[in-house]
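First comes the structure, then the notes that go with it.
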Amino acid sequence: MKLHILKSKIHNAIVTSGDLEYEGSITIDNELLEMVDMIPNEKVLVVNNNNGERFETYIIKGAHGSREIQLNGAAARCALVGDEIIIMTFALMDEAEARNYKPMVLIVDKENNPKSRHHVGEQDEPLS
């Protein structure tokens, strides 16, 4: 049996823009993606801390260092510019692997600058 396990998350990101006319997705600064091992086209679950909305979409790579978090298409209706969100990826694992896996968490500040990074259950690695 395979289990859906949290793989990584970007915590407390701020939505910087939205584009209703785009086909769909979430554009994320590539530097942030690399820091938590997320990749373009990967499915994400997004939680809006301001209104409780949860939605799924997929990642588009944004410009490295831009600090961009842009919601596109229908996803742009789920959060406003300035809303705080959590972006999560998941992986399928067998139970033995899942019991030992430690997801990577990247915490960002109000400008989406990386503050710290850690595996769940381990000490923060300060980044600024």
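Please read every residue number as a count from 1 along the shown chain.
Placement of Cβ uses the backbone N, Cα and C atoms for every residue, glycine included.
Marked as active site, schiff-base intermediate with substrate by Swiss-Prot: S25. Around the Cβ of S25 (active site, schiff-base intermediate with substrate), 21 further Cβ atoms fall within 10 Å across all displayed protein chains. S25 (active site, schiff-base intermediate with substrate) falls within a strand when secondary structure is assigned with DSSP.
According to Swiss-Prot, the pyruvic acid (Ser) annotation covers S25, on the basis of sequence analysis.
Look at Swiss-Prot and you will find T57, G73, A74, A75 tagged as substrate binding site. Around G73 (substrate binding site), taking its Cβ as the centre, 16 other Cβ atoms fall within 10 Å, counting all chains. Look at G73 (substrate binding site): DSSP puts it in a helix.
Just so you know, the Cβ of Y58 (active site, proton donor) picks up 14 other Cβ atoms within 10 Å once every protein chain is counted. Summarising the annotation, Swiss-Prot assigns active site, proton donor to Y58 and lists sequence analysis as the type of evidence.
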Additional residues surrounding substrate, by Cβ distance to the T57, G73, A74, A75 centre under 8 Å: G24, S25, I26, F55, L71, N72, A76, R77, C78
Sequence-distant neighbours of A75 (substrate binding site) in its chain (C-beta under 8 A, six or more apart): G24, S25, I26, V46, F55, T57
Integer Å distance between the CA atoms belonging to Y58 (active site, proton donor) and G73 (substrate binding site): 11
